[in-house]
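Engineer: Have a look at the structure that comes next, please.
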Amino acid sequence: MEKEKKSSVSDVGAWGMNIVSSVGIIMANKQLMSPHGFGFGFATTLTGFHFSVTALVGLVSNATGYSASKHVPLWELVWFSLVANASITGMNLSLMLNSVGFYQISKLSMIPVVCVLEWILHGKHFAREVKLAVGVVVVGVGICTVTDVKVNAKGFLCACVAILCTSLQQISIGSLQKKYSIGSFELLSKTAPIQALSLLVFGPFFDYYLTGKVLLEYKLSSSALFFILLSCSLAVFCNISQYLCIGRFSAVSFQVLGHMKTVCILTLGWLLFDSELTLKNLLGMALAVLGMVVYSWAVEQPKTLPITRDSLSEEDLKPLKEGMTESPLNDAELRESKV
């Protein structure tokens, strides 16, 4: 019982860290990148800074013995980093080429795409209540965020790449942790250096293509430097909590419950930046929160029911099948069990 309470506290802590750090980093980046703020319009390079600081924290943690380094094949780390960087690049291009409304729709479509990929890759099935809750969340967030919807061929292609890569990246986080019995922070400390290096090398060129601005020509003030460091610090907690949440739950849960951040961002935008908050926004937010509550209930419901073969996915059954085939009982063990 005490162990369950500790686990629940850890789960709440992981979600709390993710929501607070994600909302914080968005608010900090808004001030840093906005033309009315410091005009630092180098989003991809900034992400490279984020992963550089995260990699540094992981290096210090390993050196001090706080975390242990486990072996993961280099090709899997490189593949994961390429997919993750393609996700970041695709999202930035999608936002540039499409309207904000279509960009929001593409982000919402990640939930069903993650569900489909989980089913294809891991044979995972979802209860009717879970599907219903996902639908309610998508509709609710769509009501409060989607406005004008304009799309073109290039923008649509970039959005598709971003959706597919982001979904694959989030599923891979959980898969790699299970496959190599590696902790969330240990996995992050292995992938962060590869992502940081590639984003710092190619990021400035990509940002120049997006904005027409050269990084070396930016006039860095002490205030802008403070917000860059603040953004990097929050990114460490954001990255760690993302790996924690997906490792503890699933990529689907991370997508669904992660939209609580959208509700928080809209509310804080109204409180801090005088953004308009209409009745349509409030109704959408209420519907989204209702969907998240129903989703949480639907996910927890099967845990109170007896486990059957039909309730397990192929990924869950695989270790059981391997155990049955690899360790058959011999005659002596059978005689002992009968006695």
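Glycine too: its Cβ is placed from the backbone N, Cα and C atoms.
A TrEMBL annotation is a machine prediction, not a hand-curated record.
As the structure is a computational prediction, the values presented were derived from the model and not from experiment.
Pulled from TrEMBL, these are the listed features:
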type: DOMAIN; residues: 22-296; note: domain 'Sugar phosphate transporter'
type: TRANSMEM; residues: 38-60; note: transmembrane segment
type: TRANSMEM; residues: 72-95; note: transmembrane segment
type: TRANSMEM; residues: 187-206; note: transmembrane segment
type: TRANSMEM; residues: 218-240; note: transmembrane segment
type: TRANSMEM; residues: 252-273; note: transmembrane segment
type: TRANSMEM; residues: 279-299; note: transmembrane segment
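Describe the structural surroundings of these features, if you would.
Structural biologist: For the transmembrane segment (187-206), the residues of the chain that approach it from at least six positions outside its boundaries are 42, 44-45, 47-49, 51-52, 54-55, 57-59, 61-62, 67, 69, 72, 77-78, 80-82, 84-85, 88-89, 92, 173, 176-177, 214-215, 239-240, 243, judged by C-beta separation under 8 angstroms.
Counting same-chain residues at least six beyond the ends of the transmembrane segment (218-240), those with a Cβ under 8 angstroms from any Cβ of the stretch are 17-18, 20-22, 24-25, 28-29, 31-32, 37-38, 40, 42, 46, 49-54, 57, 184-185, 188, 192.
Within the chain carrying the transmembrane segment (279-299), a Cβ under 8 angstroms from the stretch's Cβ atoms is held by residues 127, 129-130, 132-145, 253, 256-257, 259-260, 262-263, 266-267, all 6 or more beyond its ends.
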Engineer: Sequence-remote contacts (6 or more beyond its ends) of the transmembrane segment (38-60), Cβ cut-off under 8 Å?
Structural biologist: 29, 31-32, 67, 88-89, 92, 185, 188-190, 192-193, 195-196, 198-200, 202-204, 206-207, 210-211, 213, 215, 218, 221, 223-224, 227-228, 231-233, 235-236, 239-240
